[in-house]
Each structure stands twice: as C-alpha cells, then as structure tokens.
Amino acid sequence: MAEWSKAPDSSSGLRERAWVQIPLLTIFVFLLKATARDKLRTECARRANSPAMEDPSKDLSLVTDSKTEGVPASQAQPPSNSNSNSNGTAQRTPEELVARAIAPVKPEFLRPPPSSRTTQNDAVSDANTNAKQPQAIKEKKSKRQLKRERRQEQKSASNLCPEIAKTGDVNACSYKDKCRFSHDIEAFLSQKPDDLDGDCPSTKADAPCPYGLACRFSGTHKDGASGTTSNLLKKSSEVNGLSKDVQKLLWKNKMRFTKADAVIKSLGLEGPNWKKKQLVDKEEDEVGLSGSHAADETECKKVADDSIDCSECPPTISASVNAEDACETDEIRPSKKAKCVVDEKCSDELEGDAVLDKDGEKDSAETEMADVVVAESDRSLKIHPREKMLIDFREKLYLAPLTTVGNLPYRRVCKTLGADVTCGEMAMCTNLLQGQASEWALLRRHSSEDLFGVQICGAHPDTVARTVELIEKECTVDFIDINMGCPIDIVVDKGAGSSLLTRPARMKGIIQAASSTVDRPITVKVRTGYFEGKNRIDSLIADIGSWGATAVTVHGRSRQQRYSKLADWDYIYQCARKAPSALQVLGNGDVFSYLDWNKHVSDCAELSSCMIARGALIKPWLFTEIKEQRHWDISSQERLNILKDYVRFGLEHWGSDKKGVETTRHFLLEWLSYTCRYIPVGLLDVIPQRLNWRPPSYYGRDDLETLMASDSAADWIRISEMLLGKVPDGFTFAPKHKSNAYDRAENG
C-alpha cells in the first residue's frame, strides 16, 4: 500500500511541472502574434490615411491592381494639366521606373487610382462565382436528364431547323415531325435578336449565306439565294477538315497506320501492349478476309454503279495507299483477295494496286520475303534528312503557336500585318487519334497561310508516329512541330510537353519515329530545361539534329519559370553555336519591338530567326514594325480597324448565326485580355515598351484609347458590343489565361 501511494505523488509532481511549462510557452506565442497583429493594423491605418504612397516599389500592387480594374475606363475622368500625381509614380524619374519594371508613362497622362472599388470592377470574379453554381447542379443530374434537356433546348423556338432556316420553306426538312429542331419560323423570328450593323460576310464574298434566317445579318441577304455555294466557298478558303469516314474509323479504333507501325517496329520502340494489339489486328484481318472475299466483286460493282470513290471498298487497299506504302508494311494482305473488278473510273485510281496484283500472281513466296525484310531493321524505311522537304526559316517572321488566341481568324490578321510563317494551336495526339472534332479544328488552314505548320504534343513514340502519319494523309501542311516545352501541369503530368526534357531517351524515340514516318519536315520546340538554373538543352542540341529534326525552337526559360523573369538569350545563342549546320535554331522569348529582333539576329549569326509569341498577342502589328524598321505610334481607330478585321474573319470562320457571333465574341474577349497591356508610343517617356513592364493607371489621347487601355472585363465587353452588338442577358466572361505574367512570381 505504501509503494502504491508513492506513485501518484511522483506522477502528480511531473504533471504540475508540465502544467507550469506549457502555459508559459503558450502565453509567449500569443504575445508574439498579438504584437505582429498590432503592427499590421497600424501599418494599414497609416497607408489608408496617407495621401500618396511613400515607396511605390513596396505598394506597386495598389497602383497596378486599381488602375482601371476598380472603375471601368468609361467612368474615368479626363487628364488634368497638373504635374502632380496621386499614385506616386510621377515622383520618380523614367530611369528609376524602368529599373523597377514600371512603364514610364508621361506624367500628363497618369491618373490617380480610384478611391474605392465599384461593383462593376471585377467581372472575372463574378464569372468564377457563377461558373461554380451550374457545375454543382450538373453533378446532381443524370445523363438521361441532361440528354432530355438538350433535346428540349433544340426543340425550343430559338433553334430553328438549319434546312428551313436556309431555304425559308417549312417543307424543306426531310425529317418532318421527327426533326430534332423547331419548325416554327414565326416563333423563331419573334425571339431572334435584332440584326447587327453591316453586311453579311457571305454577301460581301458574293455568295449566298448558308445560315439563311438564322443569320444575324439576314436583312442584307438577297432573295432566292441558296447556301450551297457558300459552303463551297468556305471549303475552298479553308482546308484540313476531318472527313466523316475517317472520323468513324478513328471512333471505332479501326484506322490502320501501316507506315508508323512498321517504323516503330524497326526502331524497337514497341510498348508493353504492342504484341497484344498486333494479334488482335491480325485476327480481325483474318475474319474480315474470310467473310468478305466472296463479296468483293459484288461490293465493288455496287460502288462503281453508285459513282462512289473506290477507296471506300472495305477489303481493298485504299487508293491513298500506293504500291510503295503497301510494300513497306508487314501486314500486307494477299494481293489476290485485294483484287477488284471496276469500271474505267476506278482503274485509274488503282494503277498501283494492279502492279501488286500481277506480282502477287507469280508466287506467294515473294510476299513472305517482303514480310521478312520489313520485320528486320530496314534502313529504307527511314528517310534520309537530305531527302526531306526543307524549309528555310532564316529571317522569316514566325508567329508562334498560341493556345486559345492563336486561332485561324487571328492568324489571318497577323498575315495581313506581315507574318511569314504561321502555326496552328497545340493539339494533343491522343485527342486527334480519337477523332475529336474540336481538336481537329485546331489544324485548319486558311488559303492565305502560304507557309503553315501544325503543332502536336504527345508522350509516346507510337502515338506521335501515328499522329504524324494521319496528319500527312488528311491535311495539307508544310511542317509538323512537336511541342516538348509546354509547362501546363495537365500536359506535364501525362509525360508530354516539358516533362520530356527530363527523358532524353523518350525525346529521341519520338523524334526518330516521327521523322522516319513522314516526308514533311519535323521541328521541335523546347525550353532551356525543366528546373531553373539547370539548363540541359545545349547538351542535346547536336543529337536533336541527328535524330531527324530539321529545326528546333528554344524558349529561353525553364519549365519552372513558366513565363516569369526575362528570357535567357545568351543561353539561346550558346545552343545555336553548338547546333550542327543542318539544324536550324530559332530563339523565342520577349521579342516586343524591331530593336529586339535586330539585336538577337545580329548578336548571333548562327541563329536562323526568332519566334514571336506574347509580343504578337499584345500588338499584332509588331510584324509590320519589324519589316518597316520603325516604332508605329498606332492610333486607337487603326487598332479598332484591326479588331473589325478579326471580327469579320471570325464570322466567316465560326458562322454568322447566333452561335457563331457568340463564339467570335468569346475569342475576341480572350484577345482583348492581352491587348490592354499595350501602351501607345506617344505616351511613353522611354521607348520601346518592354514585355515585362507593368503599366500604371493612365489616360489615353482619346476616349477609345482610354477604353482599350482598361484591364476591366466590363470594358472589354463594351468593346465587343461596339463590334458584335449587345451581349445576351446574364453574360459573364472570365479569361482562360492570365495576360499579366507579373501577377505572381511563380506565375502559376
């Protein structure tokens, strides 16, 4: 009992000592937090009562964030003649402002920041708030409910049947009552918004409008016109569309990639599921051949009688695959079973197949020999770089592939302003191979783009090889660019983009497979490295040329930098000097004036050209400045005319109906989120403007220029209403990308 009674006494003593220590530590931490909180409150009160900021470098965010974001430019007051400025930037010299990366705007154009933020200032945050609500509602609805709602929406008066809208005749629709769209013309016209000012884009092109009554310019249409010729006009001006037959084959995963598969096999780049897939393909071929051989002649006769292209005969070798391609594949079908009796129309298209038929009738041993040859590492499969079509990028103005904003209408604008080389937006290989129409739309090319390429992004050699083979068959391009520098997380997490910079072996496989599969030049776009301060492309630049690439573009930033800090052009020069003579090296990063262009080209003779990206987004007339070697002090009316051209091109591309107008408006607003960063030449104390300069709050030389300088989404919408009419009720807009790369240091 005595021993038992001592234990509690000792433990209670420990508890008492711990109880004394814990409160002291807690009280000490609490006092530190309270002191820091009091200091913060005192500092905030001092800044709120101060008429001007004492140190603009510390509180620059108060200047830049509240310039026109707080109050739309339409509510701003005109500039005064006083030299004093309440935002504090006029107190410093232009040299000091430039050193702090602040745009040195002339003092007479500076305006004070608004005293308080209004409810109209932040349409972006409102859009983000509203965007979360419908997502929560959609998650609660089943697929059947959503499908029913879509059908009800299609049946509403706002969605008139396209055939009836085109002709104006209720009986024009062949589906009658089974049609998914509304046939009530009067109800459609009663709720249709007012027509827009101006003429229909199709009417300007001397062609009937394919949208008929649904066109927002229907009042300018000529009577009795059909929309068929307008569709032909669009097809003649735009190419690289995805045909329905090819899309169905991609949907069903029945597209054959004979050339790519042979190259992947010869290079030894088969994946883990390669053998399994090959067995499945062979089984499908055997089943298809045994079941269709007897019906070959009947099927082909039907095709000939219906005047359909012979390439649609399923058991035959496609007319697009010539004899040379057929000999290169290890899955060649017996030529006897590929034989087809057709009329004279088909005979011209199958001349290459006829040669195969005659050779196949001699002996089947020759076919087996061909299989053995292809199974080995056949050097003839790999095209020598000298045999490829070469493109000389030297001193050509190259518009970079720009996600979201670099669409076809925007590229047309840049072509009119002097761009030499254009490239489509980045397309994901997996989405292209799945036949996604939205992804294939990124490959479309206008007739004005005389030197045009497409950019693809993939993580595996077989995926990229099949994609380039499909693009070469279905599209008209001058070169194919492989993106190995995209810093976006969703791309990097899949092993593509900048992730490949950490896997040189994977880079080698992708470039070799792509360059060996197609005759078109293969170019590569990379960054300096994955991590900041650990550049590694200079050690791979010579290998990239030997792997089969004809050109490489080096962006002077790492993946970790994203778009923060300045591009490292000294490192780009180092890469250009290490590159072999056969490999063209292009630089990319922060080109924003003709002086930047001249400096980079003159400092390194080995540099072929410079790619222009964000500089062209902010001022697309940069190409004109470089060609004319001048700083263009462009007026607000000239800038508005460029926007008008963009809207006209957009209506021609996306359509002049309600959907086309709103699509054009959306991409116009995306572009305006970049153009607001431009500062007119006449307003600067130091020229030219630099890409990393943060513009303070300023007035323009007229109301339109002030409106264009606003970074408020409400003012961007006002500009869109000047060109495309009033926005629909409840319209909100949130830019997809941050136009200001200086918002955060990491620029995430």
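Note: Cβ is positioned from N, Cα and C throughout, glycine not excepted.
According to TrEMBL, the features are:
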type	residues	note
COMPBIAS	72-87	compositional bias 'Low complexity'
COMPBIAS	116-133	compositional bias 'Polar residues'
COMPBIAS	140-149	compositional bias 'Basic residues'
DOMAIN	155-186	domain 'C3H1-type'
REGION	66-93	region 'Disordered'
REGION	105-160	region 'Disordered'
ZN_FING	155-186	zinc finger
Count the residues of the zinc finger (155-186) that DSSP assigns to helix (H, G, I), to strand (E, B) and to coil, and report the three numbers in that order.
15 helix, 2 strand, 15 coil
Across the zinc finger (155-186), average pLDDT on the 0 to 100 scale:
87
May I have the DSSP-based helix, strand and coil counts for the residues of the compositional bias 'Basic residues' (140-149)?
8 helix, 0 strand, 2 coil
